[in-house]
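> Attaching a single structure in structure tokens format; questions to follow.
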Ligand code: FSO
Ligand code: SF4
């Protein structure tokens, strides 16, 4: 196997024997074959658009299938094999439509002609021949950019899929995604063509995130500041992890009046801020921290657990019967529930003991997404102009198991009293329960939401730049980001597309970025690897 798509990749080079995430070589090969097959489907989709054919089912499926290849989503070879078969079936049907409309479909070779083997074992062998390490592209830097584009597109696909589930779609997102995926088959594009395409992934991602923002706020309202207990209530319990709001809503509806309390885990924490979700009385608190601590936290949870999207880790025997997957998530032998029938999850929660007593403990605040923050824009502007707020830091991104991630905790601890910290995504669990106090009535620590809400943070930055009449790079705002998986890659590309400079990125730089590509990023965008919190703060604030 050869997989280097995430931050925890072995030796910061590639996982070649077994994924650090627990991915087995067969699944890695099948995901490579699925990506290859999706390139072929995309080639046909691109030809189709030239003659006015676009198939919604194909478009939706492309995103769903790519979503399965993200880190920590699907570890089940049978699932991935089914996706490969379906990709090819859809491709052949689409070919017939495109041909009937007078389009080109006579591909002589390559992914658009792939015939998957009938057995999973044979498919694994086919996948081994088309992995990222077998890319026929001879130029190392072009290869690096191509792979960056593919990983970014995996992130775009995840956002587009989330948005689609709540009824928000845009043909332009599907078209852009398929065009670039199809282009990765070409060997005639130059380095600059690929720089352009990588930034285009960032552009497409902004639209995908905008759709998701519209989907979430349109369905559940704008998040409002909300106090979330970190303790629990006596009684039966279900824990929801992942990122999917619709799954949570359906589960809340189906558990109403059943004496079950529903808790969030990981990236579901910001869900407590949505009026359309917080209205459920049995939707109570937050349990646990970020994804990488799940083995310990899930083992101690006395109820059923639902994993709606990434980030799933190998379920331990002690809770294997209590955990359920939905949507594109899968683990061999773990019960997968069909959307949206959560009766197996509810039944298991009723069988399990639940919490034996109430706890009264700490709480955290959520709900500082764009509507809340921009609702107090006057206050913010006044505080900056009057000198009460010196600087904003967006300390955001993923969490992970590496010790280097302590940087982010320390950084937030060291941020001076006259500065505000905005945060989003699961990296916040390094400091989310710290009481940083207030400035001029505003909390010094504001949780904008999930990684899926990065659009909200971008909107806050753009609105502030408008209010101060300066470019985003001139604002008293610094981005200190942590990355882990491919949604973070997509977000990073969006920030670059917007021309945002001076991003500090850690805990390590992506293994798929070649030295020359890194040089381009440093030269054009002043991207900096994180150093120490002390040094970085000094460099940013000048004191
Ligand atoms: Fe974290 Fe995982 Fe949300 Fe990522 S939960 S690491 S960017 O997948 O998705 O923030
Ligand atoms: Fe390794 Fe990350 Fe790939 Fe898993 S997703 S196999 S940890 S590079």
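Each residue, glycine too, has its Cβ placed from N, Cα and C.
Quantities reported herein were computed from a predicted structural model and do not represent experimental measurements.
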> Quick one: which of 232, 243, 336 does TrEMBL put in the hybrid [4Fe-2O-2S] cluster site with 267, 311, 398, 426, 451, 485, 487?
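It is 243, as the record lists it for that site.
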> Looking at the binding-site residues 3, 6, 15, whose Cα is closest in space to that of residue 267 (hybrid [4Fe-2O-2S] cluster binding site)?
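The smallest Cα gap between residue 267 (hybrid [4Fe-2O-2S] cluster binding site) and any of the binding-site residues is with 6.
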> If you count, for each of the binding-site residues 21, 311, 426, the other Cβ atoms lying within 10 Å of its Cβ, which residue has the minimum?
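Ranked by other Cβ atoms within 10 Å, the binding-site residues 21, 311, 426 bottom out at 21.
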> DSSP secondary structure for residue 6 ([4Fe-4S] cluster binding site), reduced to helix/strand/coil, please.
coil
> What is the Cβ neighbour count of residue 6 ([4Fe-4S] cluster binding site) at a 10 Å cut-off, with all protein chains included?
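Other Cβ atoms within 10 Å of residue 6 ([4Fe-4S] cluster binding site): 27.
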> Please name which of the binding-site residues listed here, 3, 6, 15, 21, is nearest in space to residue 451 (hybrid [4Fe-2O-2S] cluster binding site), Cα against Cα.
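Closest candidate to residue 451 (hybrid [4Fe-2O-2S] cluster binding site), judged by Cα separation, is 6.
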> Can you list which of the binding-site residues 15, 21, 311 have their Cβ under 6 Å from some atom of ligand 2?
15, 21
> Neighbours of the hybrid [4Fe-2O-2S] cluster site 243, 267, 311, 398, 426, 451, 485, 487: Cβ within 8 Å of the Cβ centroid, same chain, sequence order.
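Close Cβ neighbours, site residues excluded: 266, 291, 310, 425, 450, 452, 484, 488.
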